[in-house]
Amino acid sequence: MKQTTINHSVELVGIGLHKGVPVKLVLEPLEENQGIVFYRSDLGVKLPLKPENIVDTKMATVLGKDNARISTIEHLLSAVHAYGIDNLKISVDNEEIPIMDGSALTYCMLLDEAGIKELDAPKKVMEIKQAVEVREGDKFVKIEPDSQLSLNFTIDFNHPVIAKQAHHFVFSKTAYKEQVAKARTFGFLQEVNYLRSIGLAKGGSLNNCIVLDENSILNKEGLRCEKEFVCHKILDAMGDLMVLGMPVMGKYTSFSGSHKLNSMLVKAILADAKNYEVLIASDPAKEFALQKAFA
């Protein structure tokens, strides 16, 4: 199986979630072995996607280098992960990736428009060789060896609409587009009011976020699926795992995970070479599994 990029450049304009200003996003093809590279076109600064360049995980996953930052990269990266794209230039003219509708649907459509192009170099895949776990109180994320990527996520909120939700997701591009891509980010009205008081969430609205008051959902259209809340957490996790720089084969499990815990997990995996092996996708059985997943 070969490395991939996109066939041709595509672009869109949307609003940043926190600053609330228009952002132009451009996706461009890259040659083999270049990886995922972000670029602040307004500053002329290149930000390669690497764990050491993740500078904040409080409200979103934030990439930073020198004086340049790009926030809320996880939804776009989730779609990039699902489409098996290895090499891509992502340019923005402000400090956020556009939030669009709060899910990854728009980015899936954008990648469909761009098309996928095979390159000459063989694809690299990270295979987890032993269990790695990180914790924060009773919250945890872990990853264990497996012959495919699966994500088992549980959330538990003291809210009548959400309560406790769990979903086991076995990755394939088709399953991702059916179950995960449409799941929107969500927040609580009291938190939104606080965030706006400190200059954040200026671009947030019922058009790009599920908003809940103390007892109900404020969005008139309701949920897109029964498990939209936990499926969005899976969407986020796939984006955060893309910081590893390549697709991963392993069983991911999380209880009340977060961007912070996902970032800690990525760094913990890479901290010990015994935790993983980088495979060149030439093993027939594993290549077949990859081709099936990304079909």
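Just so it is clear, glycine is given a Cβ too, placed from its N, Cα and C backbone atoms.
These features come from Swiss-Prot:
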type	residues	note
ACT_SITE	His259	active site, proton donor
BINDING	His75, His232, Asp236	Zn(2+) binding site
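Overlay of Swiss-Prot annotations on the structure.
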| residue | record | contacts (Cβ under 8 Å, 6+ apart) |
| --- | --- | --- |
| His75 | Zn(2+) binding site | Ile97, Ile99, Met100, Gly102, Ser103, Ala104, Tyr107, Thr185, Leu235, Asp236, Gly239 |
| His232 | Zn(2+) binding site | Ser103, Ala183, Arg184, Thr185, Phe186 |
| His259 | active site, proton donor | Thr57, Lys58, Ala60, Thr61, Glu74, Asp236, Asp240 |
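Cβ neighbour count for Asp236 (Zn(2+) binding site) (all protein chains, 10 Å cutoff from its Cβ): 25. Within 8 A of the CB centroid of the Zn(2+) site residues His75, His232, Asp236, the other residues of that chain are Glu74, Ser78, Ser103, Ala104, Ala183, Thr185, Lys233, Ile234, Leu235, Gly239. His75 (Zn(2+) binding site) carries a helical DSSP state (H, G or I).
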